[in-house]
Amino acid sequence: MTSDEKSATRDIYDPNTLPDYDREFIDPDDLRQFEKALNAPEAAPLVALNDWRPVNQRVRKSRRTKPRRSKDETREGVLYTVLKWPFLFTVFAWITVLGFAYTLTRLYIFLYEQFVTWRGKRERLRKELSMQTNYQDWLKAAQALDTYLGNLKWKETDEYAYYDHLTINKVVAQLKQTRKAAETEMQNGRSGLSDPPAVEELCFLLEACVKNNFAGVENPRLYSETYSGTKDLVQEYIDEVHSCIRLVLDSKQISNEDKYQFFKHLDTNFGRTALCLSGGATFAYYHFGVIRALLDNDVLPEIITGTSGGALVAALVATRTDEELKQLLVPALAHRIRACHEGFTTWVRRWWRTGARFDTLDWARQCSWFCRGSTTFREAYERTGRILNVSCVPSDPHSPTILANYLTSPDCVIWSAVLASAAVPGILNPVVLMTKKRDGTLAPYSFGHKWKDGSLRTDIPIKALNLHFNVNFTIVSQVNPHINLFFFNSRGSVGRPVTHRKGRGWRGGFLGSAIEQYIKLDMNKWLRVLRHLELLPRPLGQDWSEIWLQKFSGTITIWPKSIPSDFYHILSDPSPERLARMLHVGKQSAFPKIQFIKNRLKIENAIMQGLQQCSSGGGRVMSPILSRRRQDRAEEHADRMVERLDQSFPERQSDYKDESHYTEVSDSLSATSSRPHTPDARRSSMFEEMRRQSAVFFDDSDMYADEDAVTT
């Protein structure tokens, strides 16, 4: 190791190199207001019995204790009372047996992969892959492993059952020909003024094919057969669409207004990408490595959501610029993580007295550094351009959850939302959200109601993100320990193909995968039965079945690999050495997904750039959906965060009347293709069509997702 490398290594462990390391952002007055809100009595309506009796008359305390549940809630009957506990114990016993069988099945699959498939040169290449610390070196090692396993031939072949390669072939050919015609017109001028310009035909083509998961090109299975990249045809489609969008943006034959309407249409159809960070106590520090990998490769989405421990990481990311994050996401950051610094006797006495292990005010003080003091969601967006979302659950079990962001709660203080999202019963008592008033002082938010851990109901708020920000592509970093134990992709995951049969087999063989799926689904079934029959106990007034039955995955799911010692340190601060390992593991788990994310953001960023350049107001431009929602809220708030875009959202208008020429071009190109595997004639045979449809497979990863698990 050279002297420069040794110096760089020392720097990443030196806390003095961290920006704002010694700075305390929190204002003591803010903490006092927060303490006052926490100690405020619960609001209770006072209603007199009648006009002559007092409101609070003295009555003797009844000796009869109030039942835990009312009959109206549980619909008690004779059979319910008699069969409840025997049925509950029987189901729990069966789930225990299934859990033991599941452990044996996973052990068999692990031994099968370790001692049957990973041997010889394949094992050596895999070890080299796991030792890489940056993406470029990792990519070279992944390509070497793909070459050895013969995966390059799979990339060169167009046919695959999980996407429509025939449609993609035709679209690529049409885009290429129309783009070349548009480039010729831009250089030499139009030859015939009666015909519409080629760039308009290109816009029609793009409006037809720039959609979320068009023809299956964003199916994760397309990236699950190799360690790097995807089908050559899919990559060609992504590159061609990007080139065509750039040509439309640079064209002088279309006005800025028409371009803006065009990009609004594309943005609505294509949607947005969001990064979702799960909870998981100190397991959430693996998110730092995931963030660092995405940041170093310029694929960090603007929309970020976090829950519980993931909310702390998301708050750090949303309140810092890229340059600040690159300096912060190093092992020295462990010196600022001091949430669990108290001794055993201190927290035991507190837990016995208050029912919570940690002190809320101390956590508020520690958390404020990660959130840059009492920064609000609106202020964080104005500073970095990132949209922070934090999932919070009300302490009242009958109230809906909230996804706090700069649209739903713009003046809410971030550190209060992070504390609320991390308030697990028994660990931290429910807290009050705080809002910043115009004079800069803090006050209780939402009438002083208290909130708790968002993971209890909505660890990954996919539906709320789609509602507020048109998100339809989610990157989930999942570190919940109780979920990681049951994570298993029988056909491989993005950048992690199956270890044998050149990635086309089943993990542990078909029988091993079938047994694993059956046992896991059976356990899930019995938990749902207990929940729907209202048989599950509710410790601390919480339905704990949601921590198992909600959806925890996304379009891309990143699963950092934990080790047994992480469970021992689940409620303790990391040392710089342990955080360094978690950073490395987090980056390693994100490297296989980067090419998929790059392809997605390549088109999305081009669309956003078009909105940016073609907008009349300039400045930061949001997507049309965000713009429309922001305009609605601007009528209620005098302080505007960005310049208002036009509130109308019309369909794209074009002066192009005669579409016969475009139809002729489309029909002519449908019969030909530059790719070798496209049939020369139009499919007209019924038997040929039936054969083609029978060869199409669908990704069933979301088939068993609970539709009611994620609320807004």
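Positions of Cβ are set from backbone N, Cα and C atoms, glycine also.
Annotated compositional bias 'Basic and acidic residues' per Swiss-Prot: 1-13 (among others), in sequence order.
Feature annotation from Swiss-Prot assigns region 'Disordered' to 1-21 (among others).
Sequence-remote contacts of a segment are chain residues at least 6 beyond its ends whose Cβ falls under 8 Å from one of its Cβ atoms, and for the transmembrane segment (85-105) they are 486, 508, 512, 515-516, 519-520, 522-523, 526-527, 529-530, 535-536. Per Swiss-Prot, transmembrane segment is recorded for 85-105.
Taken from Swiss-Prot, the feature domain 'PNPLA' covers 275-466.
Among the features that Swiss-Prot reports, motif 'GXSXG' is placed at 306-310, with the record citing sequence analysis. If one looks beyond the motif 'GXSXG' (306-310) by at least 6 residues along the same chain, the residues whose Cβ comes under 8 Å of a Cβ in the stretch are 276-285, 287, 388-391, 418, 421-422, 424, 453-455, 458-461, 477, 479.
Here Swiss-Prot flags Ser308 as active site, nucleophile. In three-state terms derived from DSSP, Ser308 (active site, nucleophile) belongs to neither a helical nor a strand segment and is classed as coil. Every protein chain shown contributes to the tally, and the Cβ of Ser308 (active site, nucleophile) ends up with 28 other Cβ atoms within 10 Å.
If you look up Swiss-Prot, you'll see Asp453 marked as active site, proton acceptor.
The region 'Disordered' feature in Swiss-Prot is assigned to 628-687 (among others).
The compositional bias 'Basic and acidic residues' annotation in Swiss-Prot covers 632-646 (among others).
According to Swiss-Prot, the compositional bias 'Basic and acidic residues' annotation covers 652-664 (among others).
Residues or ranges marked as compositional bias 'Polar residues' in Swiss-Prot: 665-676.
For 677-687 (among others), the entry in Swiss-Prot reads compositional bias 'Basic and acidic residues'.
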